[in-house]
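Enquirer: The following block contains the structure, expressed as structure tokens.
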Amino acid sequence: MSLQLPSEVPVSIETVRVRKENVRDVIILCVSVSAAQKWMYGGLHNNILLQYLAWVTYPVVLITFSAGFTQILAPQAVGSGIPEMKTILRGVVLKEYLTFKTFVAKVIGLTCALGSGMPLGKEGPFVHVASLCAALLSKFMALFGGIYLVRCRYYYVWMLSAACAVGVGCCFAAPIGGVLFSIEVTSTFFAVRNYWRGFFAATFSAFIFRVLAVWNKDEETITALFKTRFRLDFPFDLQELPAFAVLGIASGFGGALFVYLNRIIVESMRKQKTINKFLLKKRLVYPAVVTLLVSTLTFPPGFGQFMAGQLTQHESLVALFDNQTWYKQGVAEEFVYSSEVPQAWKHPQVGVFITLLLFIVMKFWMSALATTMPVPCGAFMPVFLIGAAFGRLVGESMAAVFPEGIHADSTVYPIVPGAYAVVGAAALSGAVTHTVSTAVIVFELTGQISHILPVMIAVILANAVAQSLQPSLYDSIIRIQKLPYLPELGWGQEKYNIRVEDIMVRDVRYITLSSSYRDLQEALITGQLKTLALVESKESMILLGSMERSQLQSLLSQQLSRARRLEYLRERAQDNGTHVPTFPQDSPSRTGCGVRFLVCYIKSVYITFVLGTFNSFTFFLKKCIFQIAEWEEQQLDEAVNFNNCKIDPAPFQLVERTSLHKTHTIFSLLGLDHAYVTSTGRLVGVVSLKELRKAIEGSVTVTGVKVRPPLASFRDSGNNSSVSEVTELHKLWSRNRSLLLPREPNLPDLDDQTEQPSEGSLVNETECTELSSQNSPLHTDDQSELPYTDATPQEEHLMQLPCDCTHPLEDGGSEAVSEQCPAPIKEVVTEGIPSPPEGQPE
């Protein structure tokens with residue numbers, strides 16, 4: 001049964017327009033708030049103390065308000081949003097994450113956070129905002145029917161995938177890079193059919209985003225956000241490629257260090273129990289202290305004058321992407337600033353190298369610290385800015401080494417430091433996020449692809465270094481928040497020798513066809529599983545399907561419903577010859593699986609007429625409750641009727657010898673959270689994301705040592721498991737092939753029958769031999785550890801015994817017996833081979 005894909009697109013132009021207008025309003029508010037801070041700071045230039053108060057007060061108030069408002073309205077709005085969207089797209093349901101309250105908290109909190117001037121990003125929050133718009137608009141459009149009315153998980157995932165592309169594309173007006181980046185950071189396997197949906201939404205979002213800038217008279221036409229003017233005839237020389245490669249490798253180490261530093265800050269705060277308890281009670285203290293510290297260090301008359309502290313992120317990027325060298329080297333080997341260098345990077349006491357170095361170091365740890373605040377924020381833009389500064393530093397160094405430029409064919413081409421800034425921004429951001437699409441984002445951001453080869457080389461090298469050292473920033477946040485996730489399978493050979501039987505949970509909760517309602521009640525009370533396996537019986541354990549927890553609750557509530565209780569009381573009363581009043585019908589709000597007992601409505605007239613006194617009424621009520629309890633016990637002992645419930649006849653199953661690599665691929669491709677493990681159709685275990693994650697990462701003991709599963713470790717102690725498995729399969733195939741070979745017909749002979757078993761007996765011999773070997777003490781899960789050549793003489797004698805064997809007679813002769821005898825062989829294996837009686841040859 002195939003899934004019919006819709007011909008319509010669950011992303012409309014109206015949806016994109018609403019999303020982009022929201023994003024545009026956020027940016028305008030942020031710019032207005034930042035301009036207000038600079039206006040107050042510039043108006044108090046005569047008093048440094050008032051300038052400091054104005055410089056510090058704005059960020060502290062805005063960040064504190066953002067943290068408090070988000071915590072009160074919707075704590076789910078805190079953070080980036082990409083890690084949570086990655087989890088949601090895997091099929092995990094996060095409560096209250098795509099609601100209207102979260103949307104309001106995210107928009108207002110992000111506006112205040114970006115307007116504060118802290119080193120925070122907006123790309124991750126924009127992804128969350130776009131996903132919120134998609135989820136809310138899909139619910140609204142469901143009122144008008146159509147494709148939005150279909151409640152299917154696949155349609156919802158398609159909508160959110162397109163929303164993620166819109167959120168990334170609207171940051172830099174980069175539709176192509178937005179689609180590719182959203183795929184890389186949110187999906188392990190991406191459906192190609194969703195490509196055009198993402199491009200459709202991202203293209204219109206970028207178009208509307210830039211058109212609004214033209215209508216607002218910020219731009220004359222639709223252009224790139226950070227326009228560069230690199231030369232096109234000879235953008236770079238081949239001798240510069242090693243410098244670009246070194247820049248990419250260094251960015252890889254820097255990206256891994258940033259992820260490690262961010263995780264260490266969070267984990268160190270959690271390990272300090274005293275500080276953690278204090279911050280849980282006073283949630284606004286931490287963001288206020290961090291903001292005060294960062295604002296103090298970036299105060300322009302103070303330490304900020306050495307690191308261009310008065311520039312915003314946008315102004316810093318415009319300056320760093322400048323293709324003019326910031327100094328000229330004279331005869332006296334002294335650096336003379338160019339007249340076109342921005343005033344913020346000029347300082348009479350330190351050179352441009354010291355300014356750029358201080359800017360990189362301070363912004364590095366400030367960004368890692370600021371992104372841990374409980375406010376809506378991202379980390380892409382700060383990392384992008386740090387990478388641009390690092391590339392600018394390398395470019396200025398190359399200009400110092402080659403002051404006259406690089407000579408090529410009697411033509412001198414000067415070094416362009418702005419090109420190194422573009423390469424560094426793409427490399428460092430790609431290393432932190434483990435993506436290659438940052439190169440495409442840079443091309444769309446600058447409007448030029450003249451340095452496509454250096455950018456790609458640097459990004460690939462940075463990814464190779466960073467992925468070998470640390471997980472991506474988003475995966476690190478997923479681990480910190482303990483969200484359900486599936487880590488990537490590494491290249492270690494030991495991980496490929498692990499099988500599902502090594503990691504599965506053998507204590508599986510299940511129900512049978514003959515289960516009673518009491519069994520359902522115990523299964524619902526003792527566990528919180530969403531689904532339960534349905535097997536044929538406890539003896540066979542044949543897996544028939546699975547049932548949702550809600551279905552079991554519905555079955556139990558129907559069996560113990562209020563209507564059935566009243567019907568039982570009415571029948572008892574009629575048997576006793578007592579009049580029974582009519583009771584009100586069940587209302588939807590009064591029915592549910594959690595209701596066990598319900599006091600019946602009894603008219604006061606009936607109470608006075610029948611019972612007379614209060615004592616008799618109390619006795620009657622206790623008697624009714626006792627009768628209902630007795631009736632419930634009888635109902636719980638009845639067998640469950642599965643005819644009127646929904647059963648999944650084909651739950652996801654894995655064979656017990658499935659490798660970890662195949663299991664990881666299936667879970668990643670299908671977005672599974674659990675799968676049943678079967679052996680010849682029998683349910684033997686269940687494996688979930690938890691067990692799979694432990695198998696990939698390794699179980700950590702108290703001493704901090706990672707321990708692998710015992711069966712996998714035992715399997716590694718011998719030869720390669722793949723070779724042994726192939727050898728075993730070859731032996732089985734040869735044996736089965738010999739049994740299926742055609743033979744010439746011959747006359748039956750009694751002597752031949754006693755010495756050579758028939759074809760059917762050979763089949764029985766194989767079955768009995770396998771049965772006996774499984775019950776022997778030497779039996780292991782891996783049959784390759786016990787080859788047939790290593791068997792003892794007694795075991796060789798046992799393997800040669802046919803199942804239709806000959807039993808010794810009293811007179812010392814032998815007689816062919818056609819009946820099977822697995823019991824004597826099993827006894828021989830477990831207790832040793834007895835010596836044959838006298839007169840019987842061995």
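For all residues, glycine too, the Cβ spot is worked out from N, Cα and C.
All TrEMBL annotations are machine predictions without curation.
Pasting the relevant annotations from TrEMBL:
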type	residues	note
COMPBIAS	755-778	compositional bias 'Polar residues'
REGION	742-788	region 'Disordered'
REGION	800-842	region 'Disordered'
TRANSMEM	49-69	transmembrane segment
TRANSMEM	126-149	transmembrane segment
TRANSMEM	155-183	transmembrane segment
TRANSMEM	195-215	transmembrane segment
TRANSMEM	241-263	transmembrane segment
TRANSMEM	284-303	transmembrane segment
TRANSMEM	347-365	transmembrane segment
TRANSMEM	377-395	transmembrane segment
TRANSMEM	415-442	transmembrane segment
TRANSMEM	449-469	transmembrane segment
Enquirer: Please give the sequence-distant neighbours of the transmembrane segment (241-263): residues at least 6 beyond its ends with Cβ less than 8 Å from one of its Cβ atoms.
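Expert: Beyond its ends, the transmembrane segment (241-263) has Cβ neighbours at 364-365, 367-368, 371-372, 379, 383, 386-387, 390-391, 394, 398, 420, 423-424, 427-428, 430-432, 453-454, 457-466, 469-473, 476, 479-480.
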Enquirer: At a Cβ cut-off of 8 Å, and with pairs 6 or more apart in sequence only, do we get at least 3 pairs between the transmembrane segment (49-69) and the transmembrane segment (347-365), yes or no?
Expert: no
Enquirer: Are there 3 or more C-beta pairs under 8 Å linking the transmembrane segment (155-183) with the transmembrane segment (415-442), counting only pairs at least 6 apart in sequence?
Expert: yes
Enquirer: For the transmembrane segment (377-395), what are the same-chain contacts with Cβ under 8 Å, counting residues 6+ beyond its ends?
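Expert: Result: 79-82, 110, 113, 118-126, 171, 243, 246-247, 250-251, 254-255, 258, 262, 313, 316-317, 320-321, 353, 356-357, 359-360, 363-364, 367, 370-371, 415-429, 432-433, 473.
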